[in-house]
Amino acid sequence: MNTVGTPLLWGGFAVVVTIMLAIDLLLQGRRGAHAMTMKQAAAWSLVWVTLSLLFNAAFWWYLVQTEGRAVADPQALAFLTGYLIEKSLAVDNVFVWLMLFSYFSVPAALQRRVLVYGVLGAIVLRTIMIFTGSWLISQFDWILYIFGAFLLFTGVKMALAHEDESGIGDKPLVRWLRGHLRMTDTIDNEHFFVRKNGLLYATPLMLVLILVELSDVIFAVDSIPAIFAVTTDPFIVLTSNLFAILGLRAMYFLLAGVAERFSMLKYGLAVILVFIGIKMLIVDFYHIPIAVSLGVVFGILVMTFIINAWVNYRHDKQRVE
């Protein structure tokens, strides 16, 4: 697997992520079982975005010193594009978490605890998936066409899909988990497991954590191939992906109260997936530059938010009338 990642870059990335996670977990422990406020969520979202941009700037500077601008510019642009793609697709993941917490009636104070472990699990699972994907691409380059076709199909499916939280409990996976886990009927404070009559029982909070992890894996199956359309370098794919999901918990609490105001977002994300799928399928006939890909993705997101704002304005105006 060809990569610009050197031991220094890998080590620096690991140190930054470890320190930030330790600070985040330390603050989580001090606050106890309290919901993250909108102000805290906004502050942490800003921290993670700023840290990601600073890392990319340091990454660019390092490559300029060691490889020159000819290498540094496209690699830093690839990181930024991958980060933007993952960050935008992660919003849909956040809305699924909101549905899960709503269906299982998880209090806001406990949602934070679930998401702490959910994000930690996502880091491990996505790291495994990215290195596996990089190895597969290095051995079988035709697999990019499979990724492209899959993203094209997923984009169309996303645009046509209708989410309904009322049917979550009837999903085969949920029924299977409930049937194979010794589980209590109610949430017991912040515990994932409790003992009753000498037996260990999982609480509904554990079921929610499992579903949060599985939902992230499902979304990673979309987002990781999308970043491989930009670059196959495992260092850039992994760092851009993980920096994007590290801020997911803060993003959740930032958007949780206004989820219904983003009704048009899934269509914008669907267009992004279709574009990336087509980009991967035509790569042998026409190579779309990274700068163009970044511009297209950013442009789609801007147009989506403009349309969304217009739709919300129309709805609010109709309510007043």
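One is the number of the first residue shown, and numbering goes on along the chain from there.
Positions of Cβ are set from backbone N, Cα and C atoms, glycine also.
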Check: Gly5 and Val194 same membrane side, Swiss-Prot record: no
Average model confidence [pLDDT] within the topological domain 'Periplasmic' (220-225): 84
Helix-strand-coil residue split for the topological domain 'Periplasmic' (283-286), DSSP-based: 0 helix, 0 strand, 4 coil
Considering the transmembrane segment (199-219), which listed stretch of 7-27, 90-110, 226-246, 262-282, 287-307 counts the most C-beta pairs under 8 Å: 90-110
For the topological domain 'Cytoplasmic' (308-321), the number of residues DSSP places in helix, strand and coil: 13 helix, 0 strand, 1 coil
Secondary structure content of the topological domain 'Periplasmic' (1-6), with strand meaning DSSP E or B: 0 helix, 0 strand, 6 coil
Stretch-level contact, the transmembrane segment (90-110) and the transmembrane segment (44-64), CB cutoff 8 A, at least 3 pairs: no
Distant-in-sequence neighbours of the transmembrane segment (44-64), which means Cβ under 8 A and at least six residues beyond its ends: 4, 8-9, 12-13, 16, 20, 24, 36, 71-73, 75-76, 79-80, 83, 239, 243-244, 246-247, 249-251, 254
